[in-house]
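Asks: What TrEMBL records for this protein is below:
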| type | residues | note |
| --- | --- | --- |
| TRANSMEM | 27-50 | transmembrane segment |
| DOMAIN | 28-469 | domain 'Major facilitator superfamily (MFS) profile' |
| TRANSMEM | 70-92 | transmembrane segment |
| TRANSMEM | 99-121 | transmembrane segment |
| TRANSMEM | 127-144 | transmembrane segment |
| TRANSMEM | 153-176 | transmembrane segment |
| TRANSMEM | 182-202 | transmembrane segment |
| TRANSMEM | 214-234 | transmembrane segment |
| TRANSMEM | 240-258 | transmembrane segment |
| TRANSMEM | 279-298 | transmembrane segment |
| TRANSMEM | 310-333 | transmembrane segment |
| TRANSMEM | 340-361 | transmembrane segment |
| TRANSMEM | 427-454 | transmembrane segment |
Amino acid sequence: MNEHAQNAGTTVEPAATAGLYGRARMWAMLAVSLSVLMALLDYAIANVALPDIARDLHASSSASIWVVNAYQLASLVSLLPLAALGSMVGFARMCRFGIVLFMGASVLCALATTLPALAAARVLQGIGGACILSVNIALVRYIYPHSEIGKGIALNGVVVAIGVALGPTAAAAILTVASWPWLFWVNLPLGAVALVMAFSALPAVPPSGARPDIAGSLLCMLAFGALVMGGDGLAHQSGIILSCGLIMVGLLSGLLLIRRESGLPQPILPVDMLARPDFAIAFVTGLCGFVASNFYIISMPFTLHDVLGMSAAETGLLITPWPIGIMCAAPLVRRLADTVSAGVLSSIGLLMTATGFFLLWSMPAHPTAPDIIWRTWLAGCGFGLFQPPNNRAMMVSASHARAGGASGMVQVARQAGQTLGAMGVAAFFALFAEGAALNCLLTAGCFAVFAALLSSSRLLAGRRADKPA
C-alpha cells in the first residue's frame, strides 16, 4: 500500500497499479496539477515581457526571442530522455527534482543582467519543466485506476488549458504593478507549495532499475534539436544552407537513434510502441491536432489586430473563448472518456475544431464580437473533446512498465505539434505579403480535418486503442 495513503487514512487497492482513492487521490492530483500549471505558465509568460526585457538588457527584439526559444527548445529535446530517466528513478522523484530545478532556474532568471545569462537560465527552466511534464500523465495513470484513467487525463487537460491561457494574462497583470523579473519570482511560492505536496501526496511508483542510455539520450537530443533549429531557419528564410544541413544532421541522428533503440527493453525513443498501430495513430493524431491549434493560436491575434483592427485588449478578450471552450468540454469528456472509444470522441472533437476554424476563416468582412466569440468557443470545445480521449488511448495502449515512455510521447506530440505550427505560421508570413493570417486559419482547419480522418481510422480498422500492451 502507498505510504501516503496509509498516513492519510484513505483506501487504496492492493495492487500498485490500481490507483488511489478518497483524499489520497485528491491531494495527489492537486500536486500534479500545481506542478504542471507552474511549468506551463512559464511556457508563455515571458512572451508578453519581451519588449521590456530587450530594453532593460540592451538587446535587439530579434535576439530577445531566444528568451522564449531557449525554454521551448530545451524542453522539447529533453522530454524523452527525462521520461526514460523517470522510469528508472521513479516518476514522483523526477517530478520533485523538476520542481526544485525549475525554482532554482527561476531565481537565476530573475537575477539575470544580460540576455545570454537569461537565455541560459531559461534553458535550465525548460529542462525543469520537461522533468515535470514528461512524467505527469504517467503519474495520473498510477493515481487513477484503469477504469477511471480518462477522468484523470481529462482533468489534466483542463489544467493544461488553464496554464496556457493564463500565461499572457498573468504576465500582463504582473507587469502592470512590477518589473519583468517578478514574472520569475512568483514561481517560488507556487513551486514551494507544489514541492511540499509532491513530497507528501504523490504515489510511490517503484523505479525500473534500468541503466541510463547516455548515447541514446544524446542522439535523441541531437535529432530533435537539429530538426527544430533547421526547420525554424527554413521557416524564417534565414541561413538556408545551414538550415538544410541541420535538418540532414537531425534526420541522420534520428535514423541512428531508431536503429540503436530497436529491441531495447526500455528505449529512449519508444519504437516498440510506435510499431503498434493504435499507439502510432493516437500519436500522429495528437501531433496534427496541436499543429492545427498553434496555427490558430499564433495567427488569430494577427487576424484580429491587423486585419480587423482590434485593439490589444480586445484581441486578448476575443481569444479567451478558446480555453473557456476547452474547460466547458471537460465535464462531458470526463464522463465519456473511459466508456466511449477515442476514435469516436476525438474525431467528433476535431471536426468541431475544424468547423470553428473554417467559420473564423470565412467570417464577414466586419464581424461583431459575438460572431468571433461563438466560433472560437466552438473550436475550443472541440479541442477539449479531442485531447483527453486521444491521450488516454496513448497511455493505455502501453503497459504500466512503459508508462514513462508513453507519457513522454504524449508531451512530444504536444510540443512538436506546437513547434511545427509555429514554424508554419512563420513560413506563411514570410511567403505571403497579404492574407497570411487568414491562410493560417484555413490551414488550421485542414490539419484538424486530417487529424479527424486519421482518428476515425481507428473505427474503420476495428481498433479502440484501449487495450494495454
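Glycine is no exception: its Cβ is also placed from the backbone N, Cα and C atoms.
Caution: TrEMBL annotation is automatic and unverified by curators.
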Asks: Under an 8 Å Cβ to Cβ limit, what residues of the same chain, 6 or more beyond the ends of the transmembrane segment (153-176), are close to it?
Replies: 29, 32-33, 36-37, 39-49, 52, 136-137, 140, 182-183, 186, 316, 320, 322-323, 326-327, 330, 333-334, 337, 384, 387-388, 391-392, 395
Asks: Would you kindly list the residues that approach the transmembrane segment (127-144) from elsewhere in its chain, counting only those six or more residues past its ends and only Cβ-Cβ distances under 8 Å?
Replies: 16-17, 19-20, 25, 28-29, 32, 35-36, 38-40, 42-43, 71, 74-76, 78-80, 82-83, 86-87, 91-92, 94-95, 97-105, 151-153, 156, 202-203, 205, 391, 395, 400, 403-404, 406-408, 410-411
Asks: Sequence-remote contacts (6 or more beyond its ends) of the transmembrane segment (182-202), Cβ cut-off under 8 Å?
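Replies: For the transmembrane segment (182-202), the nonlocal Cβ contacts are 4, 24, 27-28, 30-32, 34-35, 37-38, 41-42, 45-46, 49, 91-92, 95-96, 99-100, 102-103, 106-107, 109-110, 139, 171, 174-175.
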Asks: Roughly where does the domain 'Major facilitator superfamily (MFS) profile' (28-469) sit in mean pLDDT, to the nearest integer?
Replies: 86
